[in-house]
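If you look up Swiss-Prot, you'll see 434, 440, 479, 483 marked as [4Fe-4S] cluster binding site. Annotated siroheme binding site per Swiss-Prot: 483, in sequence order.
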């Protein structure tokens, strides 16, 4: 592989850990058995990600535990691999039980169309992951330097085309699944065959896997709910009528960056061509292998595919791909996107089956005094004969409901006070957040916990400006890594320090343009005060059909970002103001 040419002395610490891990085994077994601590050793925390779990600690308790001379309150986040976001009712009930037995009595829908469990302590980690597998699901490759959960349009019942695209998400997921037996040995108690390990347990990945995570998503125009341009490999389904004819190939998207390091930036993917369905696996595998072979293994901040492309060129990438394929991609086919949000409420398909998409703020499923959401969805799962579909916007579709079962589900929604989505404002429906504090070790500020209160204040300002019915995308993240895909949101708050956020404006409503830093290190009060006159200006002078993100660019509040490397550029006469 080309990365072998990189000087081994300069390889990142994680690369060295992977190389000696014996295909992700490390000393995880020994660490799980050591109950004298709630943690595992540092090297194994890197390997556990490939198994679908992150070691964390409760940051709300850090200071007090330090004062008491106790180790941090360690726990683990466990993420499910669920291509296309499909969950059957029986699986829902099994995951619900695991969350109540081993986690923090909640489930969280992620921005990659799957579930996360939080606050799983080490002594329950094996039981939790084994339980997920007993539900015929898995956690392998939900995290780590591999292909992550493959996302696609959330409802395959809407048309034959949607069903075909969903099937492709499963095929891609299975094709790039790690082959190591370490997962089954550690979590399901499979005995390792005596003797040495196979010479190569990973025919696609190799012993050091990828330089960084790799994300694949499929979308069907005109909806871009998966934010296809944010994917390492984005696939835009091209159809004639309801028949899939192929995919436009989009490469090099990614959200993460680091504050004050302009060499790191979000990037939207480039559309480089078109392939037929029969060519897709070959194309996808070779794109992943180019990243495997040429991705930066010395600096993890430069290790995503977006930097591999920008450090050489998109023309180099296309030439390398065509050379490996032995043939050229066809020219990309025309397409058009209208939005990157979900379509809420009841929808009836051509076969008379019903589908209901619910709005779930931040994807959090838990019981509160005002709304026993987790209990209500559990009761629905007990009678539901269809399935559940998770969306990449952290919402939930109860899918494939028969005409006779629809009234029963409606009755349960009312009984457990689960509101219909039309009760929520458009800006709330288009809002997302990451988890952030107290569990995420990278968070610099609140996100999920601050969003409800902030949204209420923002809704009042929007309503005062006469924009209560205007859809505007809002995303909040506790750090610049961008798990809620903030840099393709019309308004984005990115945590800078506790209680302070960088304010970004100007992304495209359909996720087709990056936003730009407008103000730095603002408090919530300052953000509200900053946005209020912009909303009033927008209400007065917007053009017919003009979205807020387009307006702030046209009005000159921020410059249009045409490429990721322009993201940090600031015109001298529009220098970013610090609070």
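Keep in mind that glycine also has a Cβ here, set from the backbone N, Cα and C atoms.
Taking the features listed in Swiss-Prot, we show where each one sits on the structure.
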residue	record	Cβ within 10 Å
434	[4Fe-4S] cluster binding site	26
440	[4Fe-4S] cluster binding site	22
479	[4Fe-4S] cluster binding site	22
483	[4Fe-4S] cluster binding site	22
- Message: An 8 Å radius from the center of the 434, 440, 479, 483 Cβ atoms defines the neighbourhood of the [4Fe-4S] cluster site; name the other residues of that chain inside it, in order.
- Response: 435, 436, 442, 443, 447, 477, 478, 481, 482, 484, 495
